[in-house]
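Here the structure comes first, spelled out in structure tokens, and everything after it is commentary.
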Amino acid sequence: MQQLLNEILDEVRPLIGRGKVADYIPALAGVEPDQLGIAVYSRDGELFHAGDALRPFSIQSISKVFSLVQAIQHSGEDIWQRLGHEPSGQPFNSLVQLEFERGRPRNPFINAGALVICDINQSRFAAPAQSMRDFVRRLCGNPEVVSDSVVARSEYQHRSRNAAAAYLMKSFGNFHNDVEAVLLSYFHHCALRMSCVDLARAFCFLADKGFCKHSGEQVLNERQTKQVNAIMATSGLYDEAGNFAYRVGLPGKSGVGGGIIAVVPGRFTVCVWSPELNGAGNSLAGIAALEKLSERIGWSIF
């Protein structure tokens, strides 16, 4: 496995320079584009990694999975009264569909859906950002995971579109807390800094029927784990989820920080990171690396 990971990084490294680092978040625009890492973690605790897999980066929308899991833990099926679990087919920050569907987001992985989930969690936790940080630390076994306040502040200063989505949902009665407070929590979630190794470990409960070996806790039950993996498979890569299923064939979640996490149910998790994005906002070299790994090992849910 170690040799395979090294080979795959060598094969996809020439793609660096063909994508573009996220620049609509100023604090992310200065990230060095030539970084590339990959980590594989098995449900039995075996870890393999290559490249920049130990270097922390901004997880951005990958955090939406953690938020969703927290909401499922305390509210269960009730959360689906306020949002759906269908693919949107629209850009992750689109307002058009949200207006047409009267403030009910299609799924928890587009921005509007993630904001509803954060609104649900805001009603539950006295300090949502700290609760999320502590939850993630338990999942990955790394007590040094923190949120980058500079990135969070940068995102908050450029919050107009997310604020518009939140206020639109509030006008339809689907947003209950103070919009600015929820946005602050949301951006602190997105600004969490984790490495490929951290994320591969943190997501391993989704490969093990909801059980996290690091914390010894049953994070989700088996049915809930299946549901989260299903939403990742259909909606985890913005409006490129179909292409990702076609090329990689695994449940996954991406972020504009360049990270992608993928789950092989019953076996492994794998995280890749390369900051340069394609036109859909997903890591260009990251998708290529996952495609090669899936083909070489024969990992696919299809």
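Glycine residues also receive a Cβ, built from the backbone N, Cα and C atoms like all the rest.
N111 (substrate binding site) counts 23 other C-beta atoms within 10 Å of its own C-beta, drawing on all protein chains shown. Under the heading substrate binding site, Swiss-Prot lists S61, N111, E155, N162, Y186, Y238, V256.
Y238 (substrate binding site) falls within a helical segment according to DSSP. The binding-site residues under consideration are S61, N162. Their Cβ neighbour counts within 10 Å are lowest for N162. Annotation for E155 (substrate binding site): same-chain Cβ neighbours under 8 Å, separated by at least 6 residues, are I25, A27, F187, C190, A191. Each of the binding-site residues Y186, Y238 was scored by the other Cβ atoms within 10 Å of its Cβ; the lowest score goes to Y238.
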